[in-house]
Amino acid sequence: MDTVIVLFNRDLRVHDHPALTAACADARRVVPLFVVDPELARSTRGGFLVECLADLRDSLRRRGGDLAVRWGDPVAETVRLARELSARAVYVSADVSAFARSRERRLAEECARHRLGFRTFPGLTIVPPGALRPSGGGDHYRVFTPYLRAWSRAERRRMLPAPEWVPVPGNLRSGWPEGTWRASHPLLTGGETVARKRMAQWLRWCVGDYAEGQDDLAGNRTSKLSPYLRFGCLSPLELESLAEGGGEFVRQLCWRDFHHQVTFAFPRINRDDYRSRGLSWHDDEHAAQAWKAGMTGVPIVDAGMRQLRAEGWMHNRARLITSSFLVKWLKVDWRVGAEHFWKLLLDGDVPNNYGNWQWVAGTGNDTRPNRVINPIRQAVRFDPDGEYVRRYLPELETVRGRAVHRPWRLPSAVHGYPGPLVPLD
Ligand SMILES: Cc1cc2nc3c(=O)[nH]c(=O)nc-3n(C[C@H](O)[C@H](O)[C@H](O)COP(=O)(O)OP(=O)(O)OC[C@H]3O[C@@H](n4cnc5c(N)ncnc54)[C@H](O)[C@@H]3O)c2cc1C
């Protein structure tokens, strides 16, 4: 084939990229393309995204290639560029959300209309969604443990090195949109280069301690690789293959695959209950606002919510406590919370955000849908000295030890901090 376009989306890397490798093998010229959605550029994730793109462009240029960047509708822009360069086909990494699947469908239709080939490739997950089916029937696994068993035994595709050479056409206008980009993230820099360094350090020094430290809220001892997995700066397959002995860590990567295969089978996961349980929610704007602002009067909940606001990231244990507090204690609809997380999380992606929210709400894949997490017990267990709470709640800075988890029990009032929205003890 003469020219093939590789449309990048959530796969912003050159290592272990099946679509890119196939294009380099199949075509004389390859056009790596990213089409910027203006909404994403302006969102919390915009600054990180632009760093990912700059890094991807550098990596491609070092291999003789380039990254074409356009602004607008990915389908229209891809077809326009394909016609401009007389390309023969478009290759993409398959994705799972309703939004991504509709983009893939439209692209396939437009390609057919313009007599362009169209192919999708794996790469976003370790085991492709839809590849594993329960023996009892059904098109996907609804429960995690049997999925984990099947997933652990499933064959892995061959991992691919980065292509040595990416031969772009001489007349390719690379382009870099002038639109509004969100500023960089204060703590994490985007891009495959940073991601690979972080992965290597994590695997060398920290993964061995993961099982013991994963719930240590103040210690912050998880990998923080989620934003890099979200944008595909890292291949999850490569991460798994290098994480030898990191059993508990690999189990978390399986959760990621699990939610992807659920979303693949149920793309409405961000809107509709996966399992309808006839729950009725309180339409309580006051409670929802207090929760978003980190002013519920429950310190562990408020610390998590303020971490989210300040850092665009939240520890997994805090995500569980804050989400459960909203749906199980305040009885506010999971969609309200999920939308807020979606807006603010640097790693926010459809399968993991909405899949986890539904799990917590009891409308998703939890086998114990009525489970209620007690935030105070969790606080005492996972933040025993109150260090995490004091880090994010300056009002409680002077309260020592675990008394910080129940400020309403203190003999003198804590100024500027509210009493709990709901009774907890
Ligand atoms: C209500 C709620 C919303 C969430 N929203 C998101 C989201 O939008 N995006 C996101 O990536 N994760 C989400 N998670 C899952 C989890 O909290 C984050 O993946 C994790 O905190 C990221 O930090 P880390 O990279 O240090 O994780 P580590 O503990 O180091 O885990 C390694 C990787 O495993 C995966 N992983 C870990 N836990 C989960 C999980 N429960 N579900 C799926 N994958 C997991 C992630 O890719 C993570 O990067 C959510 C969890 C909850 C309870």
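Note: Cβ is positioned from N, Cα and C throughout, glycine not excepted.
According to TrEMBL, the feature domain 'Photolyase/cryptochrome alpha/beta' maps to 2-126. Summarising the annotation, TrEMBL assigns FAD binding site to Tyr210, Thr222, Ser223, Lys224, Leu225, Ser226, Phe249, Asp347, Gly348, Asp349. Positions annotated as site 'Electron transfer via tryptophanyl radical' by TrEMBL: Trp281, Trp334, Trp357.
Structure coloured by features recorded in TrEMBL.
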residue: Tyr210; record: FAD binding site; DSSP (3 states): helix
residue: Ser223; record: FAD binding site; DSSP (3 states): coil
residue: Phe249; record: FAD binding site; DSSP (3 states): helix
residue: Trp281; record: site 'Electron transfer via tryptophanyl radical'; DSSP (3 states): coil
residue: Trp334; record: site 'Electron transfer via tryptophanyl radical'; DSSP (3 states): helix
residue: Gly348; record: FAD binding site; DSSP (3 states): coil
residue: Trp357; record: site 'Electron transfer via tryptophanyl radical'; DSSP (3 states): helix
Recorded positions (Tyr210, Phe249, Trp281, Trp357), the one with most neighbouring Cβ atoms at 10 Å: Trp357
Candidates near ligand 1 among the recorded positions Tyr210, Trp281, Trp334, judged by a Cβ under 6 angstroms: none
Rounded Cα-Cα span from Trp334 (site 'Electron transfer via tryptophanyl radical') to Gly348 (FAD binding site), Å: 15
Cα-to-Cα gap, Trp334 (site 'Electron transfer via tryptophanyl radical') vs Ser223 (FAD binding site), nearest whole Å: 27
Rounded to the nearest Å - Cα separation of Tyr210 (FAD binding site) and Trp357 (site 'Electron transfer via tryptophanyl radical'): 23
Minimum Cα separation from Trp281 (site 'Electron transfer via tryptophanyl radical'), reported as the residue among recorded positions Ser223, Leu225, Phe249, Trp357 that achieves it: Trp357
Mean per-residue pLDDT computed across the domain 'Photolyase/cryptochrome alpha/beta' (2-126): 96
Tally of DSSP helical, extended and coil residues in the domain 'Photolyase/cryptochrome alpha/beta' (2-126): 58 helix, 28 strand, 39 coil
Cβ contacts of Ser223 (FAD binding site) (under 8 Å, same chain, 6 or more positions away): Arg198, Trp202, Cys206, Val207, Tyr210, Phe249
Other C-beta atoms that fall within 10 angstroms of the C-beta of Gly348 (FAD binding site): 21
Max CA-CA distance, Å, over listed FAD-binding residues Tyr210, Thr222, Ser223, Lys224, Leu225, Ser226, Phe249, Asp347, Gly348, Asp349: 23
Between Trp357 (site 'Electron transfer via tryptophanyl radical') and Leu225 (FAD binding site): CA-CA distance (Å): 20
Surrounding CB atoms that lie within 10 Å of the CB of Trp334 (site 'Electron transfer via tryptophanyl radical'), all protein chains: 23
